[in-house]
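J.: For reference, the structure I am asking about is given below.
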Amino acid sequence: MADLQTQMKHAVADAAVEQIKDGMVLGLGSGSTAALMIRALGAKLASGELKNIVGVTTSFQGEVLAAELNIPLLSLNAVDRIDLAIDGADEVDPSFQLIKGGGACHVQEKLVAAMADRFVVVVDSTKLVDRLNLDFLLPVEVLPGAWRQIQKTLAAMGGSAELRMAQRKAGPVVTDQGNLVLDVKLEGGITDPASLEKAINNVPGVLENGLFVNLTDEVLVGEISDGVAGVRSLERRLS
């Protein structure tokens, strides 16, 4: 499955780069699929197929990779708008609502997505779900001095929250903003993403949570058919 999943990720990354035009200001996402997209973008810039592109990254991971590939970058504060943002997701529901933040970058990712004229999400088919949070925990970035109190508040809201621990350092994960992450599980999953996003963000000490509500314009889904990787486009229909 790992090889097939990698094929799907490459397929959607390449499809996303096809939407990039000369002169664009691009939001460059984080995570494994977004990294493949950034590499594909770097190759097109190096070959001259794309020109005058400027990127705005959503994480230190993306900043390092873009610099390695000689992709020109600007900070979020240096741009007034973003033409196109491309990013991955941890879960996508049928209404195009997302959970992001598996890489603890969801604060910057949401800022960039909100600024973009168009936000395209790139995922493999395993990320499509009927309901958010049944499998993937909801990340919530919190101030270090308040995490335990916020954990109690989230419990009162029906969520079981655990402090995310680092894998290759002693202690918790620390975000690019210097904060901590609580991973939250709601009994029965998330039935009303819009209301929950606001409710969690209203808790004192919470910086941002990983629910992305009504931000996505298109989802590019990598799929395997007859052993071959392909891409299906899902576009949000505005009512």
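Cβ coordinates are placed from backbone N, Cα and C, and glycine is handled just like the others.
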J.: Of the candidates LYS51, LYS127, LYS152, which does Swiss-Prot annotate as part of the substrate site that also includes SER30, GLY31, SER32, THR33, ASP87, GLY88, ALA89, ASP90, LYS100, GLY101, GLY102, GLY103?
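T.: So the substrate site in Swiss-Prot includes SER30, GLY31, SER32, THR33, ASP87, GLY88, ALA89, ASP90, LYS100, GLY101, GLY102, GLY103 plus, from the candidates LYS51, LYS127, LYS152, LYS127.
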J.: For the substrate binding site, please report the maximum Cα-Cα distance among SER30, GLY31, SER32, THR33, ASP87, GLY88, ALA89, ASP90, LYS100, GLY101, GLY102, GLY103, LYS127 in Å.
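T.: Comparing all Cα pairs, the maximum is 15 Å.
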J.: Anything within 10 Å of GLU109 (active site, proton acceptor)? Look among the binding-site residues SER32, LYS100, LYS127, comparing CA atoms, and list what you find.
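T.: Near GLU109 (active site, proton acceptor) by Cα: LYS100.
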J.: Would you list, in sequence order, the residues of this chain other than SER30, GLY31, SER32, THR33, ASP87, GLY88, ALA89, ASP90, LYS100, GLY101, GLY102, GLY103, LYS127 that have their CB within 8 A of the centroid of the site's CB atoms, where the site is the one recorded for substrate?
T.: GLY29, ALA34, GLU109
J.: With every protein chain in view, how many other Cβ atoms are within 10 Å of the Cβ of ALA89 (substrate binding site)?
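T.: A 10 Å sphere around the Cβ of ALA89 (substrate binding site) contains 28 other Cβ atoms.
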